[in-house]
Structures are given as C-alpha cells and as structure tokens.
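Features reported for this protein in TrEMBL:
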| type | residues | note |
| --- | --- | --- |
| TRANSMEM | 6-22 | transmembrane segment |
| TRANSMEM | 29-50 | transmembrane segment |
| TRANSMEM | 62-79 | transmembrane segment |
| TRANSMEM | 100-127 | transmembrane segment |
| TRANSMEM | 178-200 | transmembrane segment |
| TRANSMEM | 260-278 | transmembrane segment |
| TRANSMEM | 298-322 | transmembrane segment |
| TRANSMEM | 334-361 | transmembrane segment |
| TRANSMEM | 413-433 | transmembrane segment |
Amino acid sequence: MSDFFQIAVLFIAILLFSILAFKRISAVILGPLLAIFIILSTRMPIFQTMLENYMKTAADYVQKYFLIFFLGALFGVIYQHTHAAEAIANKLIKITKGKYTASLIMFITGILTFGGISGFVVFFAIYPIAVQLFRESKLTRRLMPAAISAGTWTWSMNAPASPSIQNVIPMRSLGTTALASTVPGFAAMIAQIVLIVIWLEYRSKSMTSRGLLFDDPSLKPLEEAGRVYEDSELPSAGLAIIPPIVILILFNVVKLPLEAAVLGGCILAILFFYKRISNGVDGWIVVLNKGAQNSVTAILNTALVVGFAGVASKTTGFGLLIDKLKRIKMSPAWFVAITVAISAGAAGSASGGLGVAFAALGDVYKTLNISPESIHRIAAIAAGTLDSLPHQGAQITLLGICSLTHKEGYLDIGVTQILIPAIALICVCIPLIQLGL
C-alpha cells in the first residue's frame, strides 16, 4: 500500500465527514462509521482497533470533560427557564436605544456565553429577542444567524479567562491556566470584536440600501418566535448577572476547577430564582432533567468524533503526514494553528477539533520549541476558525431556527466566524507571541 494512499485515506475520511454532516447525519453515526472506513481501508484489525483505540479515546474524553458539559448544561437551562438570560439581554438593549441591532445581539450572546451559559441555550433564549429587534429596525433576517452566533462562537470562547470548554481542553492537556498568553489573547479578542462590529454594521447598511428588509417575500415565512417578556415579568438584571460573575471569579481568581466554579453558579442561580419555576421542587426536577439530557447528547456527539481521531492517529498514513509536516519549514506556532484548524474543520466542532488535535498530536505539541501557554492560546483561537464550515451542526441548527437556508444566511457566518478569527490569529495573536508577549 503506497504512502500516498495511506495519507489520502485520512483526507477522504475528513471529506466524507464534512459531506455527510452537511446532509444532517448525526455525529453519533459518523464517528464510528468513518473510523471503520479508515480501519478497512488501511487493513487494520477492525474489532481490536475499535475497542482499544476508538472506544478508549472516546471514553477518555467523556471521563475528562463530562462534568463540565453536565454542569454547563444545567446552568444554561436554569437561565433559560427562569428567563434570567432574557433579563440581562433586555437591560443591554436599553443601552443602545434600538441602534446597532446586529452588533448588539452579538454583544448579548457573547456576554452570556462568556458568563458560562451554553451556546445552544443562548440561541434559543435570544432568538425571540433578535426577531423583535430586527423587526423594529426593519433589518433583514439574513443577518440574524451571524449576529446571534458571532458572539457565541468567537471571542467569548477563545479569550483568556473564558470558562468555555475550548479554553479548558488546552488547560487540561498542557497544564496551563485560563489566562494563558494573556496579552496576545486579549488583543485577539479585541480585534475580533472590532472586526465583527465593522462587518455587521457594514452589511446592515448595505443590505438595507439594497431594499433587503425584515419583511422579505423571497424568504421562507418566519415561524413563531415565542413570546418576548416585558421587564416586569423578568427577574432583576442586576441579580441575573451575579452568578456568571461568580463563576468567572471562582474560576480565574480563586482558581477553582471549572466544574466547582459552575456548580457554585448553579447553586446561586437556584437560590436567586427558585420561585420563578412553578410547582416548586417538581418543576425544578423537570428543568434540571432537561439540562442533564442536553449534556449527554452534547458530550456524546463530541466524544464519538474524538474517538475517530484515536483511530486515525494509529494509522501509518497519520505518521507519514506528521513527518511531512515537520519537514516543512514552518514555525511551531503555525504548526499548531494549522493542525488544530484542520482538526476542527474535520470535526465540525471547536471542542471536538481540540479533542481530536490533542488526542492525536498532544505529545508532538509538547516537543515543539514554543511555550505551553502559547500553544494553548493559538489552539483555542484556531479551533474557532474552520469549525464553522457549512457542515457544522450548530450553524445548521441556527439557520433552521431562523428559517433560512445556507444560501440566504451563511455568507455572514463564514466572514464573522471563519475569516475574522483567522485574521485575529494570523495578524494579532501569533505575531505578538513571536515577539515574546
């Protein structure tokens, strides 16, 4: 079997993953299916490889990160069902007095996710508010998916201090802290925010001037967005912001593990908003059960993709590919950025991509002539680039929520969540790291 074929099998598997994921085939099916494809193509022992490599890698990921997914999902559903997330959003809306609608939605989702609330929860919690604001501003719905997800999947997940899983995976793999490469990380965060705002405002004005408004007969009719609550029906925004702040303090200042920090936020949120769930304990059991179910789905989707990396990393082609990459004269920073970005693109997930990259290349990264802190920040930002290719499950879900097709809504997603993070990584983060900052 030629070296070319051994390497080509890996790229064919990645391409198949992207195509089939775009067709909405679940990662729960794709992970083991494409692992078997690689095993058969490279003539590895199927049952031994699936049990010893695939399942071990997937199980290791669940062991390391299940509690983070579980507690994060609980915190998210608490904020969704008590409407605490909406209370924070409504308070921020008043600051701009109806202006800069798309950018405002981006800031709201970013602040909520930076405070520890799950991205998927933010999608559903903010969607009705986004519909109301876009309608009042007569702004085209085509920009809504990008506005909602730009804050969720960019700076809020890759910045220093973020309690996101994308910041935690490098911590656990490299022994770093959440504030690794603070200066390059925050500089890249600012660059992403500025560029996203510039793009969203440019597109808002451009599409409005072309006659593309909220009421657009060329788009699929909007499904019922759900009721938008008045301020009097919502909890205090001042009270609602306290648990996310407590999570950030416990995680970054007190230096508690993220699991302990989010648990503290959950307990505080339940104490603050206990009366907002009807039927007392029984009502709360229903809410928490929903969060628990969400966490299992989320971590299985990711772990079963990471298991695919456990198989790929044991192939002859993978070893040949790494050897060829090492021979190319590129800096360690570029090696990390490229390999993590490709992994995220293959997985269709930033967290899955990081899991894939560190499972397959963790030992290689540690031998590079670059600090663990630098690897951490480069990997966190790089994971948030090619993860947002059209086959990403989160984007497909969000476009569906907004009743839009890829043709109608994906361009702005691609610019804000692939191009802009890549610019921040290439033009800001890596140069600052190479300067020793």
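Placement of Cβ uses the backbone N, Cα and C atoms for every residue, glycine included.
Here the transmembrane segment (178-200) has Cβ contacts under 8 Å with residues 100, 102-103, 106, 110, 143, 146-147, 150-151, 154-155, 158-163, 167-168, 170-171, 251-252, 372-374, 376-378, 380-381, 412, 415-416, 420-421, 423-425, 427-430, 432-433, 437 of the same chain, all six or more residues outside its ends.
Pairs of Cβ atoms less than 8 Å apart link the transmembrane segment (29-50) most often to 298-322, out of 6-22, 62-79, 298-322, 334-361. A Cβ distance under 8 Å defines the sequence-distant neighbours of the transmembrane segment (100-127), meaning residues of its chain 6+ beyond its ends; these are 72-73, 75-77, 79-80, 85-86, 88-89, 92-93, 133-134, 137, 139, 143-144, 146-157, 159, 162-164, 193, 196-197, 200-201, 203-204, 225-226, 241, 243-245, 247-248, 261-262, 265, 294, 298, 394, 397-398, 401-402, 416. Highest Cβ pair count under 8 Å relative to the transmembrane segment (334-361), across stretches 6-22, 260-278, 413-433: 6-22.
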